[in-house]
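Sequence annotations record features per position, and here TrEMBL assigns active site to S189, D343, H373. What TrEMBL lists as domain 'Alpha/beta hydrolase fold-3' is 107-265, 315-376. Marked as transmembrane segment by TrEMBL: 6-23.
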Amino acid sequence: MGRKSLYLLIGGILIAYYIYTPLSDNIEEPWRLMWINAHLKTIENLATFVELLGLHHIMDSLKVAWSFYEVPPTSDENVTVTETKFNNILVRVYVPKRKSEVLRRGLFYIHGGGWCMGSAAVNDYDLLSRWTADRLDAVVISTNYRLAPKYHFPIQFEDVYNALRWFLRKTVLAKYGVNPERIGISGDSAGGNLAAAVTQQLLDDPDVKIKLKIQALIYPALQPLDVDLPSYQENSNFLLLSKSLMVRFWSEYFTTDRSLEKAMLSRQHVPVESSHLFKFVNWSSLLPERFIKGHVYNNPNYGSSELAKKYPGFLDVRAAPLLADDKKLRSLPLTYVITCQYDPLRDDGLMYVTRLRNAGVQVTHNHVEDGFHGAFSILELKISHRLINQYIEWLKENL
């Protein structure tokens, strides 16, 4: 074998090693998923390297990378797409072109991205909104919000809440031909967190007379108190979203001070005076038995009060909707939740389903046995189209 051939062989082996990740047999299109993951992992590694050099914050670099996937607000043969501002928050509005004899449904959608990156303009979110508007014959509002690390909680929450309140004004609904009795909210990942949080907040807002009919949460992040749930343990290094990256997202939501991230990873960020909150996220009592099997619940390790005093957001129900008491949950609307087996956030969604049902809320739970974080919104994958079809069918029946 010549030297050139040897180099090519070694290079091929190294590339295959970098791309290949052992996956469960039930994962569809494994090589395509591995290729997408390798692409995203390369971007993340480069962003990490740039941060280590002290040149750029990792989340700012990832934000720039996501911006290359953005598309302009272009109408097509089925849907009119425009950009406007709702209470100074930039949103995209998707309105079906076909005439309607009745007022349409309205859906307010919140994108994911760990509160740090992404926008309504990202190609996959733009396509999702178009498809939803067309197939559901609904007006879809896809909102933006200011992002970490420049902005921290509660800015993201407040941006989404203010945009939603603007949309729920009677004059705005009339402008877009939306039926005030058929309005829903939805979001994925960090967007699912924000959707759940603002839906809870609306319950206590006397100025908002129009209420939401449904909420649809796609693998939502719902609490940062316990990041050692069985799903975090089982999927700590799974593709697309690792435990370490999710904890970094949570930490960046509240501060650029990485001492919070370090404390979260060691489970020493919650002070003893907040110990009562763990009853809302105790997976040993809230997870179905099959997700507990093989795991032992350990009592939390408590940290000092210093972090909680400096960054109280991680104990705030507006950032952690799972911390809401049963009285609040009891008043929530009809709910749809997608959870994925191979997702660190799986158990957040599972616990919320349990708590909502215990509070008497009607919940449709779609647990995807071959799913993973990002399965809903990476439109290159077949599983994404399957989940979107199920999601839109549920919206047709319930919104």
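We count from 1, first residue shown onward.
Placed from the backbone N, Cα and C atoms, the Cβ positions cover glycine too.
In the displayed structure, how are the listed features positioned relative to their neighbours?
Neighbour density for S189 (active site): within 10 A of its CB lie 28 other CB atoms from the protein chains shown.
Other Cβ atoms within 10 Å of the Cβ of D343 (active site) number 27 in total over all chains.
Cβ neighbour count for H373 (active site): 27 (other Cβ atoms within 10 Å of its Cβ, all protein chains included).
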Expressed to the nearest Å, what is the distance separating D343 (active site) and H373 (active site) at their Cα atoms?
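About 5 Å separates the two Cα atoms.
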Quick check for the class: what is the C-alpha distance, in angstrom and rounded, between S189 (active site) and H373 (active site)?
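Their Cα atoms are separated by 8 Å.
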